[in-house]
Amino acid sequence: MGYTDYSVEHSPTATALDYTTSLEAEVERTKHHTYYGDDSPEKSPKGSGPKKDLAGPASSIEHSDSIIVTWDGPDDPENPKNWSFGYKWFITIICSLLTLNVTYASSAPSTASFAISSQFHSSTEESYLVTSMFLVGYVFGPMFWGPGSELVGRRPAMIFTFAIYTILHLGQALAQDMKTVIITRFFAGFFACSPLTNSSGVIADIWDPVYRGIATSVFSTTVFLGPVLGPVISGYIVVSHLGWRWVFWVMMIFADFCTALGAVFIPETYAPVLLAKKARNATTASRLRALDPEKNKNLYAEGEKIDWAPRAFLDRTILRPIRMLFVEPILLLITVYISLVYGVIYAMFEAFPVIFVRIHHFTIQHDGLIFIGVGIGSVIATLANIWLLRPYPRLLKEWRGFPPPEARLPSAMIGGPLLAISIFLLGWTGNYESVPWYVPALSTIPLGASISLVFMSCLSYLVDTYLMYSASAFAANTMMRSIVGAAFPLFTVQMYEGMGVNWASTLIGGFSLLLAPMPFFFYKYGPRIRANSQFAPCMVRSFFFVRGSSPYHLEAIDLS
């Protein structure tokens with residue numbers, strides 16, 4: 001068992017682990033894989049005063065004789081980053097499956113909404129809320145489940161919430177009025193967003209930078225395959241003898257399976273929680289105290305020093321994602337871009353029936369099949385993103401374990417312009433009955449590919465930028481994009497009917513085109529922006545920045 005004498009290495013005057021004063025120290029810190037967020041002592045750049053972390057009050061070390069528990073060296077098998085390659089992928093696939101489940105649940109009732117409103121004699125506008133209220137739940141849930149996982153651990157945050165989400169399907173399947181459906185859909189979304197928020201944290205916990213991008217690509221694919229599968233499957237259920245209630249029963253059966261799978265196989269991956277458990281282990285503590293009773297009497301893990309005062313707890317959970325959103329330009333702008341892309345996905349749930357049912361006279365179940373093109377595009381995007389990440393092993397070596405996060409952006413630089421082109425193509429070919437149906441249908445393939453490329457790239461960029469704060473960053477991102485995703489279905493049909501399919505698509509495509517240069521902007525200026533970040537513990541955090549034609553040809557410059 002590893003431990004660090006705070007009286008030597010963590011004293012206020014020590015610099016051995018001060019990652020803001022040297023690249024070597026940052027590399028050394030990463031070797032031990034111990035990130036604790038705002039509950040660990042915050043160091044200051046050379047020549048500056050004490051730095052206050054916006055996530056909460058800076059911690060102070062009061063007991064110089066305390067011993068902090070760390071890993072047993074860089075090869076400690078209990079460290080999640082040292083788990084076997086196959087086991088890491090097993091965990092990643094399970095987290096992705098949970099994400100697939102909740103994103104499937106977000107869109108599956110969209111095809112059944114008119115049947116539900118017809119049985120309960122509700123208005124058309126109320127039927128849109130069946131999809132939107134689930135996404136409204138996504139807005140509020142991340143404030144608790146993302147930062148909460150950084151307090152109690154990833155596993156309890158995911159398993160507890162998923163179990164509640166599963167039970168809430170009963171209220172939807174057995175509902176006797178529209179209000180019950182809408183209310184239970186909100187609370188289902190509130191609990192269901194936990195895998196969306198925390199899977200990124202799990203990926204950051206277990207993967208090194210070489211495979212982190214690939215793992216994020218696989219995870220991001222399920223974010224889109226779920227909404228794609230929803231209309232395809234539920235479209236056939238609604239028109240069958242089963243009826244709309246079986247849309248929710250199927251969702252519940254799927255959720256039951258995922259809950260059991262997660263409860264059995266998802267381990268705890270968050271380092272502070274694991275180290276705290278290690279420090280409390282009676283056998284280990286007794287052994288160390290037997291070796292040196294005086295020195296090891298105050299054995300503890302850094303994660304145990306968390307301040308549980310109400311104000312500090314509020315700061316770390318609900319307020320941190322919101323604060324990060326407003327003080328981190330990278331997070332804010334990436335969130336704006338992803339929110340638009342996310343809105344496009346849910347706009348298509350309402351736009352496709354206008355294009356393919358009203359104009360091209362498809363049935364409901366055949367309209368759902370159009371989403372297969374989006375799924376095909378997502379798979380193509382995953383393979384393309386993996387291919388674009390080929391230089392990462394070389395970058396990891398050249399940058400001593402810290403490739404710049406901007407190296408994740410080429411996929412978004414391709415996906416951004418392609419997204420705008422795809423929306424224009426869908427709108428202007430889908431607007432005319434004389435144009436064969438397969439022409440707008442084929443445009444959904446580049447549409448799905450472009451959406452996935454932007455998501456994979458930008459989410460990987462956020463993970464690499466914020467590392468131990470990635471769950472909080474994802475919480476802020478999920479909240480904002482869910483607001484947009486919830487809003488789009490409420491006006492999409494009216495917009496497409498009022499403006500026409502061609503001009504409504506042109507409007508959405510125009511906004512996409514306006515935001516397409518954003519990845520190029522961060523590709524060039526991201527290092528400078530991160531240098532002033534309060535939450536980005538990357539090597540350019542304090543006084544390093546990079547120059548060169550691209551992140552593949554960069555050099556670090558000490559500006560101190």
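Placement of Cβ uses the backbone N, Cα and C atoms for every residue, glycine included.
TrEMBL: automatically predicted annotations, no manual curation.
Here TrEMBL flags 40-54 as compositional bias 'Basic and acidic residues'. The domain 'Major facilitator superfamily (MFS) profile' annotation in TrEMBL covers 91-527. According to TrEMBL, the region 'Disordered' annotation covers 30-60. Annotation source TrEMBL lists transmembrane segment at 89-107, 127-145, 157-175, 187-207, 219-240, 246-266, 330-349, 369-388, 409-429, 435-459, 466-491, 503-523.
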Beyond the flanks of the transmembrane segment (187-207) by at least 6 residues, Cβ under 8 Å: 80-81, 83, 88, 91-92, 95-96, 98-99, 101-103, 105-106, 133-138, 140-142, 145-146, 149-150, 154, 157-158, 161-162, 164-165, 168-169, 172, 215-216, 219, 223, 269-271, 459, 462-463, 467-468, 470-471, 474-475, 478, 482
Chain residues in Cβ proximity to the transmembrane segment (330-349) (below 8 Å; excluding those fewer than six residues from its ends, i.e. six or more beyond): 107, 110, 131, 135, 224, 227, 231, 324, 371, 374, 419, 423, 447, 451, 454-455, 458-459, 461-462, 465-466, 473, 476-477, 480-489, 492, 508, 511-512, 515, 518-519, 521-522, 526, 529-530, 533, 536
Range from 127-145, 157-175, 246-266, 369-388, 435-459 with most C-beta pairs under 8 A to the transmembrane segment (219-240): 369-388
Cβ contacts under 8 Å made by the transmembrane segment (127-145) with residues that lie 6+ beyond its boundaries: 105-107, 109-110, 112-114, 116-117, 157-158, 161, 181-183, 185-194, 196-198, 317-318, 321-322, 346, 349-350, 474-476, 478-479, 482-483, 485-487, 489-490, 493
Maximum Cβ pairs under 8 Å to the transmembrane segment (435-459) - stretch from the list 157-175, 369-388, 503-523: 369-388
